[in-house]
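Copied from TrEMBL, the annotated features are:
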ACT_SITE  LYS128  active site, proton donor
BINDING   LYS92, GLN113, LYS116, GLY167, SER378  substrate binding site
BINDING   THR212, ASN243  NAD(+) binding site
SITE      ASP168  site 'Important for catalysis'
Amino acid sequence: MNVDAQISEYYDRLLKRNAGEPEFHQAVSEVLDSLKIVLEKDPHYADYSLVERLCEPERQLIFRVPWTDDKGEVNVNRGFRVQFNSALGPYKGGLRFHPSVNLGIIKFLGFEQIFKNSLTGLPIGGGKGGSDFDPKGRTDAEVMRFCQSFMTELHRHIGEYRDVPAGDIGVGGREIGYLFGQYRRLANQHESGVLTGKGLSWGGSLVRTEATGYGLVYLTEEMMNTHEESFDGAKVIVSGSGNVAIYAAEKAQQLGATVVAMSDSAGYISTPNGVDVELVKQIKEVGRGRISEYVDQAEGTYHEGGNIWEVKADVALPCATQNELNGDHAKQLAENGVRYVAEGANMPSTPEAVHYFQENGIHFAPGKAANAGGVATSALEMQQNATRDSWSFEYTDQRLHQIMSNIFKNVDRTAREYNREGDYVAGANIAGFKKVADAMLAQGVI
Ligand code: NDP
């Protein structure tokens, strides 16, 4: 059977066995597509059902999370942890608290995480978890009780050498604090290496908060430099206004760009003269407010329910959530002059959008490579925990910068090696895959 037929047969089987999980299908389909050229060149990567094993999580946990709200009523949420692949190291990946969370979403994120973590060059496997709990509008006490209940089950499945969760949408410093507190109590030990994204005084790392956004900009700058361009003087759209978006905007402006728009799920602000990042931090991080509040305090226009991709710019950095940028948006961006798109979020561009970018000469960096700075710095936090050390901001930032630069070079080189120059999707998927695949082949059928 030729490679095309082999992959389609396998993909059809995966669809049947994982019905109702469209995001997982989308993530797998993109990777399998890139792998065709690898299997043609190196057929041994199909040995021992390697690809099938790679697409099947090592373990999937689903559990009940009961908790009591401030009115005394009992709420029941569902918790997930998908331990996808530990060939390169302990499972590593964030926890997402958002009402849209289901098994398919956690599986797509866990699957992507395998390749991303491999690309960082650090010894970490892939996993992801979360819950359909919505922290929005909940008091600190409610969030704490939810986190304690969630960790009461999760704690038996994680550990410094087993599985090391971190934050993601809806899980920031506050949630990691409550989760860590409950873990410490149940495990009866201060095992700082069990979670990353911790507070600085109890095992956290400098730069972890900034890492995903800064790393995204470092990698995008590398990509722009290969075309003799840079952020200096560029107009940039950053979707979202959470952790990734805020620090992407901050670093882009530090490098001389003007961030002309940011958003949340209700609408976007346009800021033609640049965004006041400190004010966004104040509104979102301190006040847990909405991006609409920005225009009450600074220059800008709020567009309720608006489409952020209609703003004119040179660079677009989608940093909110999956499938937020579709084929029509991609076309609109191109018509408005955007030449670079790099994904801060996981899979924010639909397959139609990615196809459009690639067919129309827009340089596109996929999330697996572009947003790997967060997990890379988490791995640096693990290194500091293991050696009971804490590094300076400058040193950690330098390490992050170096890692992002290496990722870009690796992805670029791999794309050329397979005659796909400039196709960073293929470059990231192939480079990420080969390292994990080699480890899996060496470790036998497990
Ligand atoms: P946050 O919770 O801090 O922020 C999420 C932002 O995205 C908010 O502005 C939120 O708006 C917006 N958003 C969320 N869901 C939707 C939706 N359905 N439609 C429109 N906007 C939405 O999350 P992060 O910044 O941590 O994560 C953002 C993305 O980056 C995710 O895809 C995540 O997986 C990815 N990522 C995060 C990493 C990290 O280190 N944090 C590492 C690598 C990737 P609102 O407040 O209105 O919901």
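Every residue, even glycine, has its Cβ placed from backbone N, Cα and C.
Between the CA atoms of ASN243 (NAD(+) binding site) and ASP168 (site 'Important for catalysis') there is a gap of 9 Å. Neighbour count (other Cβ atoms within 10 Å of the Cβ, all protein chains): 28 for LYS116 (substrate binding site). Same-chain neighbours of the substrate site beyond LYS92, GLN113, LYS116, GLY167, SER378, judged by a C-beta within 8 angstroms of the site's C-beta center, are, in sequence order, GLY93, GLY94, ASN117, ILE124, GLY126, LYS128, ALA166, THR196, GLY374, VAL375. All protein chains considered, the CB of LYS128 (active site, proton donor) has 30 other CB atoms within 10 Å. With a CB cut-off of under 6 A applied against ligand 1, the recorded positions LYS116, LYS128, ASP168, THR212, ASN243 are reduced to ASP168, THR212, ASN243. LYS92 (substrate binding site) falls within a strand segment according to DSSP. There are 28 other Cβ atoms within 10 Å of the Cβ belonging to LYS92 (substrate binding site). In terms of Cα distance, the recorded positions that sit within 10 Å of GLN113 (substrate binding site) are LYS128, chosen from LYS128, ASP168, THR212.
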